[in-house]
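Step one of this worksheet: look at the structure below.
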Amino acid sequence: PVSPPSVSCRLLVVCKQLGYRPPGPWSLLRPLRSFSSSAMGDNDGSEIIEHHVEEEMEKKCTRSHAASSSFLESVTPSDREGHSGTQSSHRLLAYSDALISIIATVMILPVAHTKMENNEELRESVQLLLTTKIAVYLMTFLIVTVAWAAHIRLFQVIVRIDDCLALLNLACMMLITFLPYTFSLMATFPEHILGILLFCGCVMVMGIIQSVIVLYAFSRPFLLNEQIQIAENQTYYKHHILKVIMRVPIMCFFAGIFSFIFFQLSYVLLAIVIFLPYISRSLKWCRNKAIGQVEDTPDSMLFYTYLPNEPLSKERVEAFSDGVYAIVATLLILDICKDNVPDPTVVQKQFGGSLIAALQVYGPEYLAYFGSFATVGLLWFVHHSLFLHVTKTTRFMGLLNTFSLAFVGGLPLAYELTHEFPHNSRNELEAIQISCVIIFFAGIFQLAIWVVALYNEQETLHPYVRYGGREHIFMLAKLSLYPCVALGTFFLTCVLSKFSASIFHLMEITVPFAFLVLRLLVRVGLALLRLVFCPDRPDHRVIVEEGDDETRVPFNALVT
């Protein structure tokens, strides 16, 4: 595909039409060339090179201008008039990301608010929860995020919207928000197939709506991104995207059929939907090994490729993640406002009207809130630092981010468990261990994102955080802090017979101070390693500072 002409190319064409010959890219070297020609007496070669480069630039700009003009002439007048009724999709995408993040996260509420008796063994209760509510929460979170990832890929192709696309997107959002209800029915009535049928029906209707969105957008090419607009094979792009979109609805169609015969197989097919891109990629690799390489997509195809390194919108991944962290932090304070406000009659009768004495009873809950909020906030801080250094987000990184966010969404459950049982009881110790497991996996998947980014560091990371260097070491220390603390606390609870929840939450509150001294510790550690292994190595910063005086150029001269 031909790239649209840049402003500089258009300016060059206009100048040539007016008879003005602008200076070529080699004109900046004319003082140096004059000096060399006076010294060596030869400047014909550089004049030929300059003239050749200018001719190539003019030809390229003319071709680009002709391609752009032919594309604009191919657009009908009605399409040009319709272009004025379109708008950017940024606000629609922000609304969709906020809606999906809320729906994915609030499913933890039925799990977190499950009441347990003090004389009931927590281990048995958790096993019961894992088979029903926790499994439903994880399944809902993953399925909703799969739908969100499909929404990202669709609107990487469609960059502008009109009223019709906005209404079709609202219909999609309505069906996505209905999915948690279908999972609740599946968890409450596992032997009934109504929940499976409702879920499969929603997904199939969503696939039809997304197909209509694709057909509508390709009928108005000005809604598409520039790469597809100027492509010669738009029909191939359209058919390929439709084929990929309809795979999930077709699988759900078969899952609905199998629910009448053997409903356990339906759950297996629904689980395959989550990992369908990776299964499809594995099957394609096996096919290529068996019958040879088969090229079915052009090299320029960047969307709907089922490749693990297929790019996703980094801004939307950050927005969705921020929404999940914000909602989890909000759910913590909702529990405080709901359960920890004493009744006025109880305050008057039991505490003699002293509100301070009545609030002292809720001291462990306040400590659990501040500790849990510090954990959520610092996990967000690590996530923010990680994506600050990432330049491109891939599909595989998005999957790891989804797993991390799923465990972050489980932190309200950890908050409820750690202050629900009597002090120094066996259930309290097991509740702390469950919290450590949740925090560990939330942090370890963040570390996995960093490892995947390092694997393709030339494309996904800024140069200053790649292998070697202080910033790389510091980022690795940040990402390793929470998994190490959670794992150490877990083994500590296995060794000690008494480990109260208050100590655990105090440890959570003190973790921020570790982040404050982390950079200092990294610097000291690197200095010691340099002193031990490279004692004679010069300090490059001193060399740079000494050379600054010789090479420093005034700012105005530099801009000129």
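Going from the start of the chain as shown, residues are counted 1 onward.
Here the Cβ of each residue, glycine as well, is placed from N, Cα and C on the backbone.
Unlike curated records, TrEMBL annotations are generated automatically.
Residues annotated as transmembrane segment in TrEMBL: 92-114, 134-152, 164-187, 193-218, 248-279, 366-384, 396-415, 431-455, 476-499, 511-533.
Under the criterion of 3 or more C-beta pairs below 8 Å, with sequence separation of 6 or more, the transmembrane segment (476-499) and the transmembrane segment (366-384) qualify as touching. Taking every recorded stretch in 92-114, 164-187, 366-384, 396-415, 511-533 and counting its Cβ pairs under 8 Å to the transmembrane segment (431-455), the highest total belongs to 396-415. Away from its own ends, the transmembrane segment (164-187) comes close to residues 92, 96, 99-100, 103, 106-107, 110, 132-133, 135-136, 139-140, 143-144, 147-148, 151, 158, 194-196, 198-199, 202, 205-206, 209-210, 212-213, 216-217, 223 of its chain (Cβ-Cβ under 8 Å, at least six residues beyond either end). Touching of the transmembrane segment (92-114) and the transmembrane segment (396-415) is concluded from the presence of at least three CB pairs under 8 A, sequence neighbours closer than 6 excluded.
Same-chain neighbours of the transmembrane segment (396-415): 104-105, 107-109, 111-112, 134, 137-138, 141-142, 145, 149, 308-309, 312, 317, 320-321, 324-325, 328, 331-332, 335, 368-369, 372, 375-376, 379, 383, 390, 431, 434-435, 438-439, 441-443, 445-446, 448-449, 452-453, 460, counting only residues six or more beyond its ends whose CB sits under 8 Å from a CB of the stretch. Outside the transmembrane segment (366-384) by six or more residues, the chain places 321-322, 325, 328-329, 332-333, 335-336, 340, 404, 408, 411-412, 414-415, 418-419, 439, 442-443, 446, 478-479, 481-482, 501-502, 504-509, 511-512, 515 with a CB less than 8 A from a CB of the stretch.
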